[in-house]
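As annotated by Swiss-Prot, 5-phospho-alpha-D-ribose 1-diphosphate binding site applies to G72, 75-76, S80, 82-85, 99-107, S111, with the evidence given as sequence analysis. Marked as anthranilate 1 binding site by Swiss-Prot on the basis of sequence analysis: G72, N102. Taken from Swiss-Prot, the feature Mg(2+) 1 binding site applies to S84, E216, supported by sequence analysis. The anthranilate 2 binding site annotation in Swiss-Prot covers R157. Residues annotated as Mg(2+) 2 binding site in Swiss-Prot: D215, E216.
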Amino acid sequence: MLEKIINRENLSFEEAYNLFKELMNESDVRIAAYLAAFQTKGYTAEEIAGLAKAMRDYAIKLELGEVADTAGTGGDGSSSINVSTASALILSAFTKVAKHGNVSITSKSGSANVLEALGLNIKIPPEKARKMIEKTNFTFIFAPMYHPALKRIMPVRRELKVKTVFNILGPLANPAEPKFQVLGVNSPDLVEKMAEALSFLGVERALVVHGMGLDEVNPRGETIVAEVNGEDIDMYTLTPEDFGVERVKVVPCNSPQESAERIKAVLRGEGKVEDRNFILINASAALYASKVAEDFREGVELVKGILGEPMSKKLEEIICTSRS
């Protein structure tokens, strides 16, 4: 199949699925060649879905019922705080969340990095994950623990130090198979493709977002959105005004520790207005995608109502349960 990809021929869903199986047994050189060739060719929605389905099927099984997830492809170069992780924590005050993530590959702080900086034990095995989500509505699925099939591929990906198809696949490969999802992408070209891939994978409702260079809902301007409802996909744009929130700039973040402190400040009902508004609109999008909120303005009001003591206690409960 390598020659086919080099010749810029697209793969079917089944071919992409089988390609993942092949990669598990290939040499480092051929894995690197596949990743580079795929990156040069670009990917179709069908290819993305086929690879993601294979990743899910070869992952350690995790049956948690209907859950939500918030994730981004990363690689947008913004060095922003971990907004999708903050949104997942807030969302868990309303519904079950299985946050799938990893340490940083292309940014300063991945979801695993910031959760560890917050004090969580990120290495949660399946049985504990089930108990944790029952008790707290939240669990973290640390990708390296749940995707043993990637052991051959990940060292090559790290050595390449460039974006690959696995930046895109990570947010789709949650072994808990979330029914509800917000998925941020680092390129406008990926919005519709990823929405189609999520539809292929059977999501109930999802929002795929790109905010003028950000793989988040943009607090300073427009965000392109693909809303997935089963097989239906609607494209539209959002601005902070649609949330009833004032526009703010994105303040860069230098480390997981800084991101954790700034997130904690917002959860306490404090923090900079830039961080607060950024988290408000993204958490609202997560509430809407999960069918908790009827619209984005209601989502913001629900989030505002939980910030402060309720979210501080919620975070402490999640941390303590992860470590017990």
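The backbone N, Cα and C atoms fix where each Cβ goes, glycine too.
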Checking the binding-site residues G72, H100, N102, V103, R157, which are within 10 Å of D215 (Mg(2+) 2 binding site) at the Cα level?
G72
Cα-Cα distance linking E216 (Mg(2+) 1 binding site) and S84 (5-phospho-alpha-D-ribose 1-diphosphate binding site), given in Å to the nearest integer:
7
Could you check which of the binding-site residues N102, R157, E216 is the closest Cα neighbour of S80 (5-phospho-alpha-D-ribose 1-diphosphate binding site)?
E216
Run through the Cβ atoms and count how many others sit within 10 Å of the one on V103 (5-phospho-alpha-D-ribose 1-diphosphate binding site).
15
Just to confirm: which same-chain residues, 6+ apart in sequence, have a Cβ under 8 Å from the Cβ of H100 (5-phospho-alpha-D-ribose 1-diphosphate binding site)?
D69, A71, I141, A143, Y146, G170, P171, A173, N174, P175, A176, P178
Listed binding-site residues among G72, N102, V103, R157 whose Cα sits within 10 Å of E216 (Mg(2+) 1 binding site):
G72
Roughly how many Å separate the Cα of N102 (anthranilate 1 binding site) from that of G72 (5-phospho-alpha-D-ribose 1-diphosphate binding site), to the nearest whole number?
11
Distance between G72 (5-phospho-alpha-D-ribose 1-diphosphate binding site) and R157 (anthranilate 2 binding site) at the Cα atoms, whole Å?
18
Could you give the Cα-Cα distance between V103 (5-phospho-alpha-D-ribose 1-diphosphate binding site) and R157 (anthranilate 2 binding site), in whole Å?
13
With DSSP assignments reduced to helix, strand and coil, which class does H100 (5-phospho-alpha-D-ribose 1-diphosphate binding site) get?
strand
Return one of helix, strand or coil for R157 (anthranilate 2 binding site), based on DSSP.
helix
Using a 10 Å cut-off on CB atoms, tell me which of the binding-site residues S80, S84, N102 is the least crowded.
N102
Under a three-state reading of DSSP, tell me whether E216 (Mg(2+) 1 binding site) is helix, strand or coil.
coil
Once the DSSP letters are reduced so that anything not helix or strand counts as coil, what is S80 (5-phospho-alpha-D-ribose 1-diphosphate binding site)?
coil
